[in-house]
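*Asks:* Following this message is one structure expressed as structure tokens.
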Amino acid sequence: MRRSPPSLRLRLSADNLVAASGGCWSVLGERRAGSLLSASYGTFAMPGMVLFGRRWAIASDDLVFPGFFELVVRVLWWIGILTLYLMHRGKLDCAGGALLSSYLIVLMILLAVVICTVSAIMCVSMRGTICNPGPRKSMSKLLYIRLALFFPEMVWASLGAAWVADGVQCDRTVVNGIIATVVVSWIIIAATVVSIIIVFDPLGGKMAPYSSAGPSHLDSHDSSQLLNGLKTAATSVWETRIKLLCCCIGKDDHTRVAFSSTAELFSTYFSDTDLVPSDIAAGLALLHQQQDNIRNNQEPAQVVCHAPGSSQEADLDAELENCHHYMQFAAAAYGWPLYIYRNPLTGLCRIGGDCCRSRTTDYDLVGGDQLNCHFGSILHTTGLQYRDFIHVSFHDKVYELPFLVALDHRKESVVVAVRGTMSLQDVLTDLSAESEVLDVECEVQDRLAHKGISQAARYVYRRLINDGILSQAFSIAPEYRLVIVGHSLGGGAAALLATMLRAAYPQVRCYAFSPPRGLWSKALHEYSQSFIVSLVLGKDVIPRLSVTNLEDLKRRILRVVAHCNKPKYKILLHGLWYELFGGNPNNFPTELDGGDQEVLTQPLLGEQSLLTRWSPAYSFSSDSPLDSSPKYPPLYPPGRIIHLQEEGASGRFGCCSAAHYSAKWSHEAEFSKILIGPKMLTDHMPDILMRALDSVVSDRAACVSCPAQGVSGVDVA
């Protein structure tokens, strides 16, 4: 048995293992705590099951739902065979009928044994918790029995297929029934093989011996070599997976670098925990309820009302109007896919002619490449004419983003719009998350920035300057000012591009819609306050997404999973209900109240059993900062931030078009944690953001004369 360090054992008294009865917590007496200690550091300490001498990407408590599904299928199958045999056994007095009768009888016996085994697996899988698998210690034996039963099943299914193929001269109903049983047998066998492939962990053979090594050996030379070997192997495995997923992408130097960067990011993030996918799902469900519970228990925030004529409110209204206007360009940069998505009934009819029409003289006025169906959607989205566009490019490679340059006569500006994530190449750009020094002319000393987005911004910069695109635009409208916009990845690239161009164009402005948080250093964040405005909607995950925040999310998942003593299947069922239909988060508490909160700052044994190594980035205190890797330092969002928040409830998934929003200036610290909820992904969609902007701008315009009743002039202190 693995033993914890003495300092840990002192902290793991019964007083440290407390919880509220009826929820995820219960008061654990010394006997219960002792059993938890032995379970957490015993043979089954790690959630990932160890079978055949290797770890698998499935836990012993993951078999409740698969077991239930198989049990239902097997019972119905057994009833069907029994009915077939009892109703038609008199028709088996034919050539070969004795063989078929024997086949059905043996199959029913075999199915009965399988049903009993699956029932036992399902019952055992319901026991214990994620970090207390001790009650499930018999699972491995049951699985060995279950897997052994597949061999007689395969043999019997093969014999049944051979006997039917011999052309047995029996009643056609009986023969068809037996054919059906043979087909079902092979379907279940095939499904089992697919399931085994899915839960196969390529690193399982290396992880299994390490799982039993225990933390007390982490300082040894052999353990250091093992950890380095694990990390190297994990990086290689992730790189192979990414190459298979992106097999249709070219193999240039940028792509190879992006493959390596992404693989290293994934291996770094996932290699220090022993969580299977269902553990992460359970942790996210618990975090969402915990988050709502904390929010509901908070005291109402102090509301400060500003007079309608205050400079802060006037500035907010002006910038919201600018965001509302320039968001059209950021959306247009996505081309026809987003346009048809926003207009599913009429979009194709409106731009279909442009897809089929050959390049006209109007197109020749515009520089660029790979326009295809895109130009028609861009014209419809922006409301501009052909002659207003200087350059439109949909060239798309790793670190090379599509963009457009247009003359906006309404705002008297030259607009550069950079497209957001739309392809696998863009995803690789997103995931190249190392930091590099940004080459810009400014007085800022700390100029670290996201490598992938920085490279993409540098590509657009070279095109704009070296190809003379901006020079051409300002030769037509020299009095206009430069405005750079983008959504998501495009928003981050737009912010970096504006910073690169500021020395040559001091009046440049940038509007970044839903940009990633992990963009650049704190110093560049503060430097950009004067010329960049970011817009964030609701719980959008991307403006909260950075390597540091992901480490924090991983830490919170480990804590909430380790501190919950509900079985995983109950967590998932309750979480699914909560996500779909809502409910009271107090009915399933995930944190202690009052003085018991201090207990959570102690490193419980369950948390440490989820770590495959002592990660330097892992902190047991819920409020302590995470130590950052030099390759992934803390990064921040661009510029000043306008936060749009939904007022009231409009449905769990934002499907109601009558939602109303408030707007306020927010500090970047408000986006320092990833929030869990159904809208964390939908709030990032550009069409949802455009609807929210439409709503908040119209509401604020309508409430100019009645600030006390609406959303104008309200900030939260």
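Note: Cβ is positioned from N, Cα and C throughout, glycine not excepted.
Unlike curated entries, TrEMBL annotations are predicted automatically.
According to TrEMBL, the record shows the following:
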| type | residues | note |
| --- | --- | --- |
| TRANSMEM | 34-52 | transmembrane segment |
| TRANSMEM | 64-88 | transmembrane segment |
| TRANSMEM | 100-122 | transmembrane segment |
| TRANSMEM | 143-165 | transmembrane segment |
| TRANSMEM | 177-200 | transmembrane segment |
| DOMAIN | 415-548 | domain 'Fungal lipase-type' |
*Asks:* Taking residues 6+ outside the transmembrane segment (143-165), which of them lie with a CB under 8 Å of any CB in it?
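*Replies:* For the transmembrane segment (143-165), the sequence-distant neighbours (Cβ-Cβ under 8 Å, at least 6 residues beyond its ends) are 49, 51, 96, 99-100, 103, 106-107, 110, 113-114, 117-118, 121, 175, 178-179, 181-182, 185-186, 188-189, 192.
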*Asks:* Six or more residues out from either end of the transmembrane segment (100-122), which same-chain residues have a Cβ under 8 Å from its Cβ atoms?
*Replies:* 63-64, 67-68, 70-71, 74-75, 77-78, 81-82, 84-85, 89, 92, 139, 142-143, 145-146, 149, 152-153, 156, 159-160, 163, 168, 170, 174-175, 178, 181
*Asks:* In the predicted model, what is the mean pLDDT computed over the domain 'Fungal lipase-type' (415-548)?
*Replies:* 95
*Asks:* From the DSSP assignment alone, can you count helix, strand and coil residues within the domain 'Fungal lipase-type' (415-548)?
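*Replies:* Secondary-structure composition of the domain 'Fungal lipase-type' (415-548): 59 helix, 29 strand, 46 coil.
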